[in-house]
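Chemist: Below is one structure. I have some questions about it.
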Amino acid sequence: MMISRQLVLTYLYLLIYVCLSSGVILFNKWVLSPKYFKFPFPITLTMIHMAFSGVVTFFLVRVFKVVAPVKMTFQIYATCVIPISAFFASSLWFGNTAYLYISVAFIQMLKALMPVATFIMAVLCGTDKLRWDLFLNMVLVSVGVVVSSYGEIHFNIIGTLYQVTGIFAEALRLVLTQVLLQKKGLTLNPITSLYYIAPCSFIFLFVPWFLLEKPEMDVSQIQFNYWIFFFNAVAAFALNISIFLVIGRTGAVTIRVAGVLKDWILIALSTIIFPESIITSLNIIGYAVALSGVVMYNYLKMKDVRANQLPADNAPDRATKDKKISNIYKPDNFMDSNDEITVGSLASEGAGVDEEAPLIPSSRLSYVTRTQTGSFNSR
């Protein structure tokens, strides 16, 4: 009976994640679209998300102490958090701006380029090596995206450039996160990530907002519906919490599969909710080709991760065996209350990044590194 309850709860978390992830994207599109809510100010919307997330995580970390803050020095904040926040803010800015020009379906198809962008940045920064098997998968993904773009009826070069620029900004953020944060031994779950980075991202977004959007907002005299933006920010924050819960209960592979399913559902829903979005056969064929490359790429990366973890895992087993001490087996997706979730690594490079999920390297992580500690409870 306990197993069935656990399974039901796990599938419930997955369902909540898929609904929230799809819902936030459609919600953002509806808010920003000039045809619907008519609020064409993506920087403002992103700043609202950052402000809300910063305030809520402050209460969760400092007041209610749901999670413990990491040991953050001024040097780490200045050399790590600030540059990561800058690229994170840029990725959100460009990604949300793309909603003004291209459809949700086409944006999801372009997001298949995420592993390509991250692989390029990782090779350039020296955190990954150029391998022919990975390179061929990147070519396959790129060809699929090109075919999908060719089949796009309402192709817009400006919107496409905004989305691709946001993808590369996010890819660089992932590389910086691995290089700057993880090598310093910092582990940030979604709540502590938002706690440290959201306020800094808000400050970075203030300058382009003041120069680009504030003058237009003064002239247009828009009607600011506080409830709409409140629920939009709540949904975006709840999405981060749902990812946190799903990863903790199932592991990253499961949320990855759920993310792929979510993409197809989102593409179908967007054509119903926004009738101007038209999907052609070339769109579907191109996206399927790109997705096959992404799946193969993720498989190769997961294989590398397991190969790298194997020696470390076998050493304690051999020592235990020699001492004739029996161990209790734990499934791979089992997590103790003392397990830390290390997010933000290049492990997530194979997944498409959703700008509706701030500070999660992506809504579908390739893997999650777990380290046993007794000092920090991630629950």
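Backbone N, Cα and C define each Cβ position, glycine as well.
Because TrEMBL annotations are produced automatically, they should be read as predictions rather than curated entries.
Marked as transmembrane segment by TrEMBL: 7-27, 39-64, 76-94, 100-122, 134-151, 157-181, 193-212, 224-246, 253-274, 280-300. For 12-298, the entry in TrEMBL reads domain 'Sugar phosphate transporter'.
Explain the structural surroundings of these features, please.
Modeler: Among residues of the same chain six or more beyond the transmembrane segment (7-27), those with a C-beta under 8 A of the stretch's C-beta atoms are 104, 232, 235-236, 238-239, 242-243, 245-246, 249-250, 254-255, 258-259, 261-262, 265-266, 269-270, 273, 354, 356-357, 363.
Away from its own ends, the transmembrane segment (76-94) comes close to residues 42-43, 46, 49-50, 162-163, 165-167, 169-170, 172-173, 176-177, 180-181, 184, 186, 196-197, 200-202, 204-205, 208, 353, 355, 358-359 of its chain (Cβ-Cβ under 8 Å, at least six residues beyond either end).
Using a Cβ-Cβ cut-off under 8 Å and counting only residues 6 or more beyond its ends in the same chain, the transmembrane segment (280-300) has close neighbours at 105-106, 108-109, 112-113, 115, 119, 133-134, 137-153, 256, 260, 263, 267, 350-352, 366.
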Chemist: Would you kindly list the residues that approach the transmembrane segment (193-212) from elsewhere in its chain, counting only those six or more residues past its ends and only Cβ-Cβ distances under 8 Å?
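Modeler: Contacts of the transmembrane segment (193-212) (Cβ under 8 Å, skipping residues fewer than 6 from its ends): 43-44, 46-47, 50-51, 53-54, 56-58, 60-61, 69, 72, 77, 81-82, 84-86, 88-90, 92-93, 237, 240, 343-344, 358-360.
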Chemist: Hey, which of 39-64, 224-246, 253-274 has the most Cβ-Cβ pairs under 8 Å against the transmembrane segment (100-122)?
Modeler: 253-274
Chemist: Suppose you look only at the domain 'Sugar phosphate transporter' (12-298); what would the mean pLDDT be?
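Modeler: Here the mean pLDDT over the domain 'Sugar phosphate transporter' (12-298) amounts to 89.
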